[in-house]
């Protein structure tokens, strides 16, 4: 093969002949080499690669087809069961999978939060003190997409196998799913966003044992946990059944069952996030001596009688519940809801930011919809008050087996919490920027004072 020495232009490292099949390519030593019939034209190679829009549409179509397939299989499986067994089995199946579905919903909403923050002036990474390798909203949505696929697929397999008589294989489905999720979460290998997983686990540990100074990420995640207390309760009940081999059975419906509705573990798990937040407030008061920390701790303590009075329904006579304990439960519920609503508006959100909502980097759809709109102000206040009350109502014991209602109210509470996140994070960013501005002003004054003192001495 003849070798032709030519200078290599920086702008065109690869040159192709259009009149023949031969291709001239540049090597590292600055020479061109002629190779015939090796590579195809650039236009043909580009034509083979599909466009990103086509790939996105193709994925959406596959996702919808998969959803229809799962719904069809699940519906046919449920219809194969007898009418008297159907409701009991659906309640049990829903208990295993509804906490994971709600966690998936939470991850989706967190991605929405990060996307909005990325479009606004709020530097959420600095607020949470995140590393440069923190997950973006695209990566969060990628995780939630996989969760949306895996969890309903496992639920479909559970329904199909049970309805076709494969009880042992059906019972294995939720156990396998929970085990895989746990292993992925605690895996020490550098896969599946290791640094972000360990940041989450460290934060959980700091919440459970508030032995260090409380950071914004610590009490922020603890606040989210209070909205997901029912999710943790269902996770505990599901794990209890798996450990005691009660999956795909109805033994847990018995009153004396260790995993039944009478279990004392249910109110203990429900109250756990509130206790964590309560002790965080006490720790903050110890570090800062601010009285607001004590008032905040009092707010979380008002949830404790709501939860335990509700649990008493299974342990007292019906006439005692109706005549004495239920009025106490209603009073404690009203106090908790109104106190929490007041604190959201006046402390967490600082009220004044609601008239502005968000200041985006560039004009766009969200800017036109939200900026300075009075309806947003009333929407936030109204929905926060209503959902605060419904969340407390959901803790009522008589709704424990009404799983569709409980699931809906829990999902709405998660929506309320992630609506709360927008204003809470922006308020924290406002405080940080104001503090930085004050520090700069003080530094400038100190510099002027020193310069003036030096000039006086001269």
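Counting starts with 1 at the first residue shown.
Note that Cβ sites are derived from N, Cα and C of the backbone, with glycine treated the same way.
Of all ranges given (7-27, 28-48, 175-195), TrEMBL attaches the label transmembrane segment to 175-195. Within the listed segments 122-142, 143-163, TrEMBL records transmembrane segment for the stretch 143-163. Listed stretches 95-116, 143-163, 175-195 were compared with the transmembrane segment (54-75); the greatest number of C-beta pairs under 8 angstroms is found for 143-163.
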